[in-house]
Amino acid sequence: MNINDPKTFVDDFMQYVKTKDPLQYEFHQAVEEVVESLSDFLLKNPRYLHSKILERMVEPERIIQFRVPWADDQGNIHINRGYRIEMNSAIGPYKGGLRFHPTVNQSILKFLAFEQVLKNSLTSLPMGGGKGGSDFDPKNKSDSEVMRFCQSFMTELARHIGQYTDVPAGDIGVGGREIGYLFGQYKRLRNEFTGVLTGKGVEWGGSLIRPEATGYGTVYFAKEMLETIGESFENKVVAISGSGNVAQFAAEKVIELGGKVVTLSDSSGSIYDPDGIDRKKLDFIMELKNIHRGRIREYADKFGVSYLDKQRPWSIKCDIALPCATENEINGEEAKTLVENGCIAVAEGANMPSTMDAVHHFLNSKILFGPGKAANAGGVAVSGLEMTQNSMRLAWSREEVDNKLHSIMKNIHQMCVKYGTESNGFVNYVKGANIGGFVKVANSMMAQGLV
Ligand SMILES: NC(=O)C1=CN([C@@H]2O[C@H](COP(=O)(O)OP(=O)(O)OC[C@H]3O[C@@H](n4cnc5c(N)ncnc54)[C@H](OP(=O)(O)O)[C@@H]3O)[C@@H](O)[C@H]2O)C=CC1
Ligand SMILES: O=C(O)CCC(=O)C(=O)O
């Protein structure tokens, strides 16, 4: 590997990663973004190169893959595939969500686990990185089908996790309902009540503010970025994608800060409400999505606004964009449209929602761009606070947790500024987040020997 020239170094390293796992495109994308922004730093700090820290970091410590058999309400048998990627435990137990979605495969989970390692490091809490899930689709399943699936999934997963080993949580398709069924089965198998999962209900060990944390945290991070240019959310037009956990609470916080949320979406299409989604309309969405598990189109029918069938919301003119649905949901063309329409800030609530082309376009346009591993770290940060509360056997108030979340997001922002400020004063938050997250993990790996 050429360690003298940054560009050759990135090409050589990516060749190494691609040769090992040629079809894992999402994983390649996540690694490339990190290596691209770390290359200068690594060449100036060759001890990390000599210890092959990066080569070790892209190799999961362990991958667990298993069969998940379950029966539907008619008695038909289904077989899904379950996974847990235990990526890196240098700074704490593996920590990261479970995703239930038909697209789940090893490449997607490895990209998410790799991002999680750096994200968790940025929170400053003692958490390693992991991710898991299944290609099971909870959509259009009854509660009892979801419960039977979760019980079967946990029957195998239980032997690999634990409060000091690996602490999963939710992600796409895994919310409070699923965490409840998973926790119930773990407790039954192990006969112990511990903080083995986060995102639990507040009556049985969960933390206040955990449901809100990712969305709120994304907005807190965006607020910090805006302040660097003397701006705020007040009277800003905000486009949000998704309408799940992250999108709902990002919208709630934007409304609270005086912004106007004009879009939300799901995998079928987007709604555009030029008058803005107010508190009452957001309550309708929360009930529609969290209780009736309906489609975003029903919002357009109810409030008589436009529905953009099979379209993402990025053609809508906005000041601030918060992608909160899924990976690669903003491509280069859409990034161009956003910038041409006057968008001044993008903060990623989702994991890797911008393609490489989109990231390059945002950075070259010099708008404020907060990458997911920094901007959406509030969710896992409050999961870390849930673990702390579980260990102490007590529960903090809503205000206490929210204040801690706010200050963690401010610290992450400062860390990005510290490592990402370029000679012309521009803050490259991608570079800042990647270097800031890397240093602590890399130093801990060096201290712990060749493991
Ligand atoms: N929950 C958390 O604490 C954290 C989540 N994240 C990330 O935030 C993002 C959203 O997660 P979360 O809100 O928890 O998940 P939810 O399952 O609650 O919501 C996901 C939302 O995204 C939409 N969506 C999913 N897949 C696609 C797709 N392929 N195309 C378009 N829309 C899609 C869903 O629509 P539909 O219902 O039609 O599928 C839904 O509106 C993910 O990237 C996740 O990894 C990051 C940090 C923490
Ligand atoms: O709270 C957690 O542990 C998981 C959060 C998560 O999956 C993420 O940050 O992407």
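Counting starts with 1 at the first residue shown.
Backbone N, Cα and C atoms are what each Cβ position is placed from, and that goes for glycine too.
In TrEMBL this protein carries:
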type	residues	note
ACT_SITE	K131	active site, proton donor
BINDING	K95, Q116, K119, G170, S383	substrate binding site
BINDING	T214, N245	NAD(+) binding site
SITE	D171	site 'Important for catalysis'
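Taking the features listed in TrEMBL, we show where each one sits on the structure.
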residue: K95; record: substrate binding site; DSSP (3 states): strand
residue: Q116; record: substrate binding site; DSSP (3 states): helix
residue: K131; record: active site, proton donor; DSSP (3 states): strand
residue: G170; record: substrate binding site; DSSP (3 states): coil
residue: T214; record: NAD(+) binding site; DSSP (3 states): helix
residue: N245; record: NAD(+) binding site; DSSP (3 states): helix
residue: S383; record: substrate binding site; DSSP (3 states): helix
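In this structure, the binding-site residues under consideration are Q116, T214, N245, S383, and the one with the smallest number of other Cβ atoms within 10 Å of its Cβ is N245.
Same-chain residues at least 6 positions away in sequence with a Cβ under 8 Å from that of G170 (substrate binding site) are, in sequence order, G97, L98, G176, E178, I179, G199, N245.
Close contacts with ligand 2, defined as a Cβ under 6 Å from any of its atoms, occur at D171, S383 among the recorded positions D171, T214, S383. The Cβ of K119 (substrate binding site) has 28 other Cβ atoms within 10 Å, all protein chains considered. Ligand 1 lies under 6 Å from the Cβ of N245, out of the recorded positions K95, Q116, K119, K131, N245, S383.
Cβ atoms within 8 Å of the centroid of the Cβ atoms of K95, Q116, K119, G170, S383 (the substrate site) belong to the same-chain residues G96, G97, N120, M127, G129, K131, A169, T198, G379, V380, site residues excluded.
Cβ neighbour count for D171 (site 'Important for catalysis'): 27 (other Cβ atoms within 10 Å of its Cβ, all protein chains included).
Cβ neighbour count for K95 (substrate binding site) (all protein chains, 10 Å cutoff from its Cβ): 29. Of the residues the record lists as binding substrate, namely K95, Q116, K119, G170, S383, the two whose Cα atoms sit farthest apart are 16 Å from each other. Counted within 10 Å of its Cβ, the other Cβ atoms near K131 (active site, proton donor) come to 31, all protein chains included. Between the CA atoms of the residue listed as 'active site, proton donor' and K95 (substrate binding site) there is a gap of 7 Å. For the pair K119 (substrate binding site) and D171 (site 'Important for catalysis'), the Cα-Cα distance reads 15 Å.
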